[in-house]
Amino acid sequence: MGLRDPQYVVARPLYSEDAFADEHEKIHRHHKTLRHHVKQYFTCDLKRAKNAALSLLPFIGWMRIYQLKEWLLSDIVSGVSTGLVAVLQGLAYSLLASLPPWYGLFTAFFPVIIYFFLGTSRHISVGAFPVLSLMVGAVVTRLVPDEGPPVNITGFEGLTSDEQRVMVAASVTFLMGIMQLAMGLLQVGFIVMYLSDTLVSGFTTAAAVHILVSQLKFVLGLVVPGLSGPLSITLEKIFVQIEKTNVCDLVTSILIMGVVFIVKEINDRYKAKLPVPIPIEVIMTVIACGVSYAFNFQVIYKVDVVGRIPLGYESPMAPNMQIFGQTAVEAFPMAIVGFAVAFSVAKVYSVKHDYIIDGNQELIAFGASNIIGAAFKSFAASTALSRSAVQESTGGKTQIAGLLSALIVMVVTLAIGFLLEPLPKSVLGAVVIVNLKGMLMQIREVPHLWRRDRPDCVVWVVTCLASILLGLDLGLAVGLGIELLTVVFRLVRFWIYEPEGVKIFRIPSPIFFANIDFFRGKLVEAVGFNPLRVLRKRNKALRTIRKLLKKGELQMTSKGLLLTSSGPIEESEDESNMEELDQPTDFKDLPVQVNWNSELPANIQVPRVDVHSLILDFSAVSFLDISALKGLKAALKELIRVEVEVYIVACDEYILEKLHSCKFFDDEVKSSMFFLTLHDAMLHILEKHPVNSENTKVCEKV
């Protein structure tokens, strides 16, 4: 080895575990006893009662901070827009559930009211979801088939076929609600972690295929009995009758699908310029109703229309216990899928708008919504992605928008529902099919998954094919089994060693979809602050500083920035452009770079960050899946943007290759952060940040 070659020499005594423990203080975490936990659980005081009330009724929390002048108009616009879409989708998704169309209006009303009080998301639109509607329809047609007698169930006597179907749908929805409520009360919301993004993507793609095929009979104007269970796709019976296609239905459907598709693409492309998305489904529905009524489509062209829509609500109904026994196997996957989809959408909006959602409380909210909704003859409720996007994109701030959408549905139900009676069912089928685009296009993920993560690709393909061929309930079970086979059970614990100003975080297991959220939570706990919240605080502070400089109330002096006004200064609470708050801090137009750990002018408060370096020890990380890559990169960017230097050590060569192939690195997350060993990284840090070794301490958190 030449004299110029980089090198280091390590000299230290040889330690046994006991000798090392004798010389270095070890900080132990004190575990609470079972008796202490039980005592604490049953202890009640004013603060605990208040927290319990806020937890059970989350609307109290956001109503207390409701900004009437800033938010009310946005909620009204959003509520009206969402309500119109909810009416149309309620009618359309009732066809998927094999029910008379007006029962979809009940689903767009009762669950929304209950979720307003119990839900933690401020932006999702509660109501019918096409995948759940199809799963309900499979149960309904199994017990009350289109051809032949219904299953022998006490309580069916004297009821029409439609009334029997409503009883089945309401009962299975009630049972689904009980399961969700029980899971919420038992605090098992974590179960959704075991449905990875890949599995949900494959499952919903298969569901979209089922939905597409189920709507072909309406688009073509054919009479095709609904099938349920394995191999339920009805293509064969549709093609046998293809010569009976109703040309008027077909032309109407193609026209509706074409116009709606084009306008939706325009909405998507110019969403930044449009004040609100064009409600093209509603517009085309109104036009179709008018044309159908004017030209008497039902009589002249034999078009199947929505028909009579009774005004008002029906009397509540008790669930049928015998149906519970017949549908328990289907109700459980419905409960899981309904919650998983709603929670995923809610989580996206909660991150975007910076508030917290509670998975267990969401289970309670949806459980109660489905139980009470079923009592009033609505069917399974979750959230539809397109409807939630309308509620959020039109400016909705809280569930006041959801409440107003329910009022729009109520007006239709009580007063003007008869105007929709001439609406051709082919129009509803066309609207359903167009809204499947997002789910069907998920198939484009397969080539990417095959190149980047083949086990994930297998999970996607097997889940999708099993759900198509075996039915949605069995397909979900198969997909979950395949997914669990791709991972080995590993103990999830993280060890932390703390030199001064440095955090060393050791991960003793692979990182994958089931533990990435746990990993990120423990990382935040280890560094002692939430980097995303700190970043947003810093960017809000910069907004305030720029505003004060512009007004002349803050001036640059030899001692730094000096406040010239004596009045109170309020931190900027502007909630617009939340995405900008997540970007790196930008000092280019300021006369000085802000030292965030020093005293800031105008009493601006920003959390201190005492950690300058973080080392992630990857020596025990044998693989990362796609979900983990996304979560890890997001966590690293959040830390880097608050000026914490991140180093990753002892990383497996396979993982490094995967990171490169998945384009993990960019201008912020660079490959230079990886070091061969922990010692290499530590020496590098000590060169940049000399530290008093006497202050170094070691602790273990389990």
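Including glycine, each Cβ sits where the backbone N, Cα and C put it.
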Stated TrEMBL location of transmembrane segment, expressed as one of 128-144, 247-263: 247-263
Range among 72-96, 172-196 that TrEMBL annotates as transmembrane segment: 72-96
Contact ranking winner - 102-119, 283-303, 455-472 against the transmembrane segment (400-420), Cβ under 8 Å: 102-119
Two-stretch contact, the transmembrane segment (102-119) and the transmembrane segment (72-96), at least three Cβ pairs under 8 Å: yes
Contact yes or no, the transmembrane segment (363-380) and the transmembrane segment (455-472), 3+ Cβ pairs under 8 Å, gap 6+: no
Interface present between the transmembrane segment (323-343) and the transmembrane segment (283-303) (three or more C-beta pairs under 8 A): no
